[in-house]
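K.L.:
Pulled these features from Swiss-Prot for this protein:
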- 10-49: repeat 'WD 1' (REPEAT)
- 56-105: repeat 'WD 2' (REPEAT)
- 120-160: repeat 'WD 3' (REPEAT)
- 167-206: repeat 'WD 4' (REPEAT)
- 213-265: repeat 'WD 5' (REPEAT)
- 280-319: repeat 'WD 6' (REPEAT)
- 327-361: repeat 'WD 7' (REPEAT)
Amino acid sequence: MVSLIKSIKAHSDKAWSVSAHKTVPLLATASTDKTSKIYKLSVKQNFPQVAQLEDTHKRSVRAVSFKPPLPGVESNFLDLPALASGSFDSTISIWGIDEPETEILSSPRNEWNLMAIIEGHENEIKAVGWNHNGSLLASCSRDKTVWIWETDPETLEEFECISVLNDHQHDIKHVVWHPHQNLLASSSYDDTIRLYKQDLDDDDWSCVGVLNGHEGTVWCSQFEDNHRHQESNESSNRSKIRLVSVSDDMTARIWSKYIPSSIKHKSEMVWEQESILPPVHQYPIYSVAWSAQSGKIATVGSDGKIVIYIEGDDNSWSIDSVKESAHGVHEINSIIWALLDDQSEVLVTAGDDGCVNIWKP
């Protein structure tokens, strides 16, 4: 049963997006009020606001994304938190903090600094996302393009555009990276999801897959962060990647791709629609999150419901729980799984009421 832990009146206008840092208990928000805010994910401290990022974007902040921690870096001084925010003003802001984790968590306020402003898109930015090691940042826009930016994840001083992908026919709503490899997915108003990889021979990025099946705008997609399918298919020399997507057509669909252990041609990568989750939503579904801990999937959308799905041993999906009117009469724009400072897992939602709600799933 989904129960409310805390409702934060974070913004004076719509809250569009939320992002949680993977190792430091911090939560970032994005809003039409042109600000991003950062909160501590601490029940004991009552989820205090520790920073407000403002006076940079001229229009709505549509998306936020924390940079993942550097792999294998143990010192907090070498890997400080950073945040990307994407705006309807067509720019991306990169924010950083000079305090180690111990000071971040003990201080009532954190000083976040603007490190870079990235320009290139011609229209509103709809989503931003970092790859698994923070060396690449993807952005998508109403201008029908996906841009990939390369940076040094230790300094974040410069961002170079290394690819502009224009395969979609309409507005692109969302981008997301695979949690462990450089595989990128984009979701679009043209009812499709596209997958991109870099060619190892010439370093060019290209579309390596198109997922057709939705009968309306695809608002969001998320990769599964789970190694069990890879482990279970070791004997067949194939690894399995799964992706969940949600759409205007009120469905959530799971797609899977088998990749041979030695791949020579793009044609050897085969995607298939694995399942459609049991129907619950009565209006468009805007956001989906796949838990790395429990394997559960959570969806939200225009009808104000939170729906949680659980997978059985036979790979069939069932409804775990439903929360009606999670933001009153308002639409819900974003949902994520996050870890509190005690390592317990929660759901976080952002709605048209400007509230960011934290839930016990």
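Glycine residues also receive a Cβ, built from the backbone N, Cα and C atoms like all the rest.
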K.L.:
What does the DSSP secondary structure composition of the repeat 'WD 1' (10-49) look like, as residue counts for helix, strand and coil?
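P.N.:
Across the repeat 'WD 1' (10-49), DSSP assigns the residues as follows: 0 helix, 18 strand, 22 coil.
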K.L.:
Check the repeat 'WD 6' (280-319) against each of 10-49, 167-206, 327-361 and return whichever range has the most CB pairs under 8 Å.
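P.N.:
It is 327-361 that shares the most Cβ pairs under 8 Å with the repeat 'WD 6' (280-319).
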K.L.:
Please work out which recorded stretch in 10-49, 120-160, 167-206, 327-361 has the most C-beta pairs separated by under 8 angstroms from the repeat 'WD 2' (56-105)?
P.N.:
120-160
K.L.:
Is it true that the repeat 'WD 7' (327-361) and the repeat 'WD 3' (120-160) have 3 or more CB pairs under 8 Å, sequence gap of 6 or more?
P.N.:
no
K.L.:
What residues elsewhere in the chain lie close to the repeat 'WD 4' (167-206), defined as a C-beta under 8 angstroms and at least 6 residues from its ends?
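P.N.:
Cβ under 8 Å, 6 or more out: 126-132, 136, 138-142, 144-146, 148, 212, 214-223, 225, 241, 243, 245, 247, 255, 257, 271, 292.
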K.L.:
Using DSSP, how many residues in the repeat 'WD 6' (280-319) fall into helix, strand and coil?
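P.N.:
Output for the repeat 'WD 6' (280-319) reads 0 helix, 20 strand, 20 coil.
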